[in-house]
Amino acid sequence: MSNVCIMDHPLIQHKIGIMRMKTTSTKEFRDLVAEVAMLIYYEASRNLPLADKEVETPLTKAIVKEIEGKKLCVVPILRAGMHMADGILNLTPNAKVGHIGLYRNEETLEPVEYFCKLPSDAPDREIFVVDPMLATGGSAIAAITLLKRRGIEKIRFLCLIAAPEGLKKLQEAHPDVDVFIGALDERLNEQGYILPGLGDAGDRIYGTK
């Protein structure tokens, strides 16, 4: 079964608390998505492989560490995942970015793919799939399945908020994918939304309804 890391860092919990508030403005919510994503990514990237490299300091030569190969790729699930990617790129600006477009059928709650664009060398890269909400698990499962069909094996999934139902389904479908979660909430409601959650992340990021 995959490893699941639920964040307990005070900064993450504080920022998610602000995001939950219905009075939080669109701009503040958008900024917080990027900030929390960056903090979660910090933990998710903890075990990236390192290699030695010799450099010259102003005084002498030194052996330093660098991420081996530097082959990272962030894959946001459109559209809400885009601002999570922005936060991650603040830490690793040279990472490549792929995009997967999925929307949820409001009757079946199942994801429907409408777009996929990935770097040509994606199978050689460490892939970080990002989506703010892990609700039913359908979008995350579909996105990861799509990546695996393209020969990609090194995949991690990052989200801000998860429901137990969605996490369970994701683990059952992809037990080899490690999952990093900002907060694990109580449950889903009848419409498939996370409770207490923070509303529709995409709408709150973009100021739409």
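For all residues, glycine too, the Cβ spot is worked out from N, Cα and C.
According to Swiss-Prot, the protein has these features:
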type    : residues                                                                                      : note
BINDING : ARG79, ARG104, ASP131, PRO132, MET133, LEU134, ALA135, THR136, GLY137, GLY138, SER139, ASP200 : 5-phospho-alpha-D-ribose 1-diphosphate binding site
BINDING : ILE194, GLY199, ASP200, ALA201                                                                : uracil binding site
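Features per Swiss-Prot, on structure.
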residue: ARG79; record: 5-phospho-alpha-D-ribose 1-diphosphate binding site; contacts (Cβ under 8 Å, 6+ apart): GLY101, GLY202, ILE205, TYR206
residue: ASP131; record: 5-phospho-alpha-D-ribose 1-diphosphate binding site; contacts (Cβ under 8 Å, 6+ apart): PRO76, ILE77, ALA80, GLY81, MET84, SER139, ALA140, ALA143, PHE157, LEU158, CYS159
residue: MET133; record: 5-phospho-alpha-D-ribose 1-diphosphate binding site; contacts (Cβ under 8 Å, 6+ apart): ALA80, CYS159, LEU160, ILE161, ALA162, ILE194, GLY197, ALA201
residue: ALA135; record: 5-phospho-alpha-D-ribose 1-diphosphate binding site; contacts (Cβ under 8 Å, 6+ apart): ALA163, GLU165, GLY166, LEU188, GLY192, TYR193, ILE194
residue: GLY137; record: 5-phospho-alpha-D-ribose 1-diphosphate binding site; contacts (Cβ under 8 Å, 6+ apart): GLU165, GLY166, LEU167, LYS168, LYS169, LEU170, ALA173
residue: GLY199; record: uracil binding site; contacts (Cβ under 8 Å, 6+ apart): LYS22, TYR193
residue: ASP200; record: uracil binding site; contacts (Cβ under 8 Å, 6+ apart): TYR193
These are the binding-site residues: SER139, ILE194. Which one scores highest on other Cβ atoms within 10 Å? SER139
When you average the Cβ positions of ILE194, GLY199, ASP200, ALA201 for the uracil site, which other residues in that chain have a Cβ within 8 Å of that mean position? PRO132, MET133, ILE161, TYR193, GLY197, LEU198, GLY202, ASP203, ARG204
Would you identify the secondary structure of ILE194 (uracil binding site) according to DSSP, in three states? strand
